[in-house]
Amino acid sequence: MTRHFLALNQYTKEALDALFALTRELKEEQKKGIPHRILEGKSVALIFEKSSTRTRISFEVGVHQLGAHPLFISSATSQMGRGEPVRDTARVMARYCDGVMIRTYGQEIVEEFARYSSVPVINGLTDLFHPCQIMADLFTVIEHKGKYDGLKFAWVGDGNNMANTWIEAAAILGFDLALACPEGYEPDRTVWDWAQKKATSSITITRDPKEAVRDADVVNTDVWASMGQEQEQKVREVAFKGYCLDDDLVALAKPDCMVLHCLPAHRGEEITDSVIEGPRSAVWDEAENRLHVQKAIMASLLK
C-alpha cells in the first residue's frame, strides 16, 4: 500500500519521532557537507495551486539535495488549472514521477490525489492542514528545548490550518496546547472533536490571549487573513484586535520561551517587529527547518 503524508492524524507518536530523528541526521550531514543522495535518479512533481516562497524553495532545494529531480507545476501551466479531474492527473503523474507534493486549497484535493496515485503524495499545505510546517516547528522546539513533552504551547490568532495541525500534533504527541481565538474564528470543529477524544494532554481554547500565553514555553502565531481571505482583511483587523504578539503579551510567557511564526509575517498586525527580531524569536531557525524536515519526509516515503 502506498504511503502518503497528508495529515498528522495518519501517524503515531513513534512514527513522528522517527521523522524527527531522520531530520536531525540529514541536517547534521548537510551542515558537514556530507552528501545524501538517497533519491538518486528519481523525479518529484511539485504542484502549486497556491503561490509560495518557502514551500517552493525548500522543496526544490530538498529534492535536489536528495539527488532527485524537482518538477515545478503551477495551476496556470497544467491541465488541473483548466478543470482536468484530479483523479486523471494523479494517475498520469504517478506514471511519470516517483512522488508528488501538492500545495492547494481543499484538503479533499490532496486526499483524492492520493487515493488515485500509485506513488507517495505529500501535503505541502491546504486550507485545513499544514503538516510540513508543524513538523518543522516541532523540530525547532526539539533543537532549542531538547524535547516537546512537558512543555506548554500557546497559539494566538486565527483558528486556521496551522491551528488545526497544532491541535492534531498535541493530541498525538501529548503536549499541552492553549489556543486563543476570537469568536467566529475557532479551529475546525471536526479536528477539535477528534483531538478531544484522542488527547491525554490538555488542549484548551479561550478568547483571552493573556490566558493562553501565560507560562507558555512556546508561543506561536500566524497572519490574521490567510491566502484567499484578503477581502476579509478589514473585518479581521477588528476581530483580532488584542491578538498581537507584542512585548507585553510575550512577557507573560516563561522567561526562556520561544516565539514561532511560519511566515510571511505582517509586522505590526499579528506580531510586532520587536518580538520577531527579539532574542526569543526562533523564526529563522524554524524557516530553515522546513528544508530538513521535508527532506526527511521525502526520504522516508520515496527511498
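Heads up, the Cβ atoms here are built off N, Cα and C, so glycines get one too.
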ASP222, SER226, MET227 bind L-ornithine per Swiss-Prot; candidate in ASN161, ASN164 listed for that same site: ASN161
Chain-internal residues near HIS130 (carbamoyl phosphate binding site), provided their CB is under 8 angstroms and they sit 6+ positions away: ASN123, ASN161, MET162, THR165, CYS262
Spatial separation of ASP222 (L-ornithine binding site) from CYS132 (carbamoyl phosphate binding site) - C-alpha basis, Å: 15
For MET227 (L-ornithine binding site): intrachain residues, at least 6 apart, with Cβ closer than 8 Å: LYS50, SER51
Winner by Cβ contact number (other Cβ atoms within 10 Å) across the binding-site residues ARG54, ARG290: ARG290
Residues that sit under 8 angstroms from SER226 (L-ornithine binding site) by C-beta distance, when 6+ apart in the chain: ASP127, ASP158, ASN160, ASN161
